[in-house]
Protein chains: 2
Amino acid sequence: MSAWFTRLDVTKNCLWASSGVFRRQQFLIRALGGTADQNSAVKMNASEVDAINIIRKITPTLDLSRYKGQAGKIAVIGGCREYTGAPYFAAISALKIGADLSHVFCTKDAAPIIKSYSPELIVHPILEESYSVSDEDKRSTANKVLAEVNKWMERFDCIVVGPGLGRDPFLLDCVSEIMKHARQLNIPLIIDGDGLFLVTNTLDLVSGYPLAVLTPNVNEYKRLVQRVLNCEVNDQEASAQLLSLVKGIGGVTVLRKGKSDLISDGDAVCSVSIFGSPRRCGGQGDILSGSVAVFLSWARHCISAEGDLDTRSMNPTVLGCVAASALLRKAASMAFKNNKRSTLTTDIIECLGRSLEEICPAI
Amino acid sequence: MSAWFTRLDVTKNCLWASSGVFRRQQFLIRALGGTADQNSAVKMNASEVDAINIIRKITPTLDLSRYKGQAGKIAVIGGCREYTGAPYFAAISALKIGADLSHVFCTKDAAPIIKSYSPELIVHPILEESYSVSDEDKRSTANKVLAEVNKWMERFDCIVVGPGLGRDPFLLDCVSEIMKHARQLNIPLIIDGDGLFLVTNTLDLVSGYPLAVLTPNVNEYKRLVQRVLNCEVNDQEASAQLLSLVKGIGGVTVLRKGKSDLISDGDAVCSVSIFGSPRRCGGQGDILSGSVAVFLSWARHCISAEGDLDTRSMNPTVLGCVAASALLRKAASMAFKNNKRSTLTTDIIECLGRSLEEICPAI
């Protein structure tokens, strides 16, 4: 939220309360209609934001004069011999929320299967794993992979890195180069799943890049904290530790998934706790990463189009995370109501559209 | 509309109004029940035609004595390693509107995936891309590809070229030969997607062929205008520019997709603006190309069967474009009503049948 929260000057009777962090956090709460008592803010607990209001502010209106691509072009880098569901979930979720085009860049083995899940996705069988490349061919293969991906890259509003990516060293080397190129082009990067494995081991890939968003689950967060802060996760000081983590990585946004989702870009910390479901079937993180990609693109567009003052004063990565978190939680709650213990990720995806419509009618 | 509009001689009190173009346009408006004031026609604005009436006139009646194939045999040339959704959308849309048989000619990589989308399609794994053919084998492979496609070709009422075709040079060379052969056989060609990329670079493929229909979207239209007219798109003079473009290409029909769809065969320009949806998810253009193929086949059949006078006096390519545009817009509107922002191309395809039934009940 860096420069976005400096307008209000709220003085408080404690040392911490007079800090910029506190002021920005208070501004966030007021500006977006959230609730948090002063004490909790002083204690650096996360403030619940009005996520519904944020979704309404950043979701674009639809009209007949728009053309294909204007509501978002998303790419997912993921999908290998082992994993095909995760990149599909991320990419189809982006479309179901309202993006116009959704691409997947995956290995040759994964492509036919991901394509078969849905004709709506554009699936590029481009990535290679070590087992299919001899040592002497690695350099030329890597160059070919990068050239193929790079020729598409400028078209994308946001790139999700990691769903079903796997951990093959050669593949991860190629993905590192793809990330560097995306960064040069100023394209936002959402990092999840095996992308977080890669980033945790090579923090430089995202360090200092304000358009990088990391979306760790419990275990991924644990590894990040161990690696960056050299300690264990402390849930008693969850917000303070998240702030330290973000600062330790440097200039990124982190969405820590949990009972409440905690979001920080190194200034304030906010939480999203509305809705939700007790079902923890695998794949929900992939819906989230695809959703962050869409809402982050919309938030950037909204801000650049000089939307209302509240929104313009905020970091689009945080807006994207808040909106995606709330929408997923609503869709999961709706799907759980219908399917109870048998709720699967595809059931939740089917509820994304209706959830968004209830919050923010299309017309 | 060339020879189809010469019967009425409407004299007007201005120089332009006395031209053949104006007269034919006025005839079109009256004959099909559309509305346009004289001034707008004089200014060469497009005239909204009564598309619903056209659909009713050209859609064949069904009766128990008919046999397989009489309601249309369509082929789609498209589908490569990268794209499989687009040819599926075009081919399945043709069936959903009422064609009896729908074939896809694609690469060997694409065929199993397109087959997996639906058992209704006949999918031929015939095309080849450069990466799978050595230089010395190219000539013999091209001959083999052409022989395979040609043995089927005479059976088709219409061929759609381009959905998900890709831009591989060897593959496009083969497709150029296929188009030449189709032209010799007088089979209508609907050109979309990468087929437009091919045609824009090699205008001779369609120039002077009255059964060629080009269906460009915003970007494809821009490239066509730049290539043919050597200028930029001018939306203030949209109709006049479309007329110039069609004349520049020579004797084809162009359907320019947009907020209103504009259609011209070089004589008059007509528009279709009814219904429609603000959702711009990728794939809707593929539905349109498959739909034009069916309606154009029906219009030709209707005219050759000496239908009513109004229809006989019109160019079947224009009738096909008008009908397809209106039906897609109705189906998209219906799908949007149900699915709002999460509307995908498959949702629209599911509404084609009901949309047609509402306009023109089967029995």
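Placed from the backbone N, Cα and C atoms, the Cβ positions cover glycine too.
Just so you know, TrEMBL annotations never went through curation; they're auto-generated.
Quick caveat, the model's predicted, so the values are computed rather than measured.
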- request: Report the candidate from B:Asp63, B:Asp100, B:Asp286 that shares the (6S)-NADPHX site with B:Gly164, B:Asn217, B:Val218, B:Asn219, B:Glu220, B:Tyr221, B:Lys222, B:Arg223, as recorded in TrEMBL.
  value: B:Asp286
Query: When C-beta separations to chain A are restricted to under 8 angstroms, which of the binding-site residues B:Gly164, B:Lys222, B:Asp261, B:Asp286 qualify?
result: none
- request: Using the structure shown, find which entry in B:Val218, B:Cys281 (the binding-site residues) has the sparsest Cβ neighbourhood within 10 Å.
  value: B:Val218
Message: Counting Cβ atoms within 10 Å of each candidate's own Cβ, which of the binding-site residues B:Glu220, B:Asp261, B:Asp286 comes out highest?
response: B:Asp286
- prompt: On a count of neighbouring CB atoms within 10 A, which of the binding-site residues B:Lys222, B:Lys257, B:Lys259, B:Arg279 is highest?
  reply: B:Arg279
- line: Min neighbour Cβ count (10 Å) across binding-site residues B:Gly164, B:Gly283, B:Gly285 flags B:Gly285
- prompt: At the level of the C-alpha atoms, what whole-angstrom distance separates B:Lys259 (ATP binding site) and B:Glu220 ((6S)-NADPHX binding site)?
  reply: 15
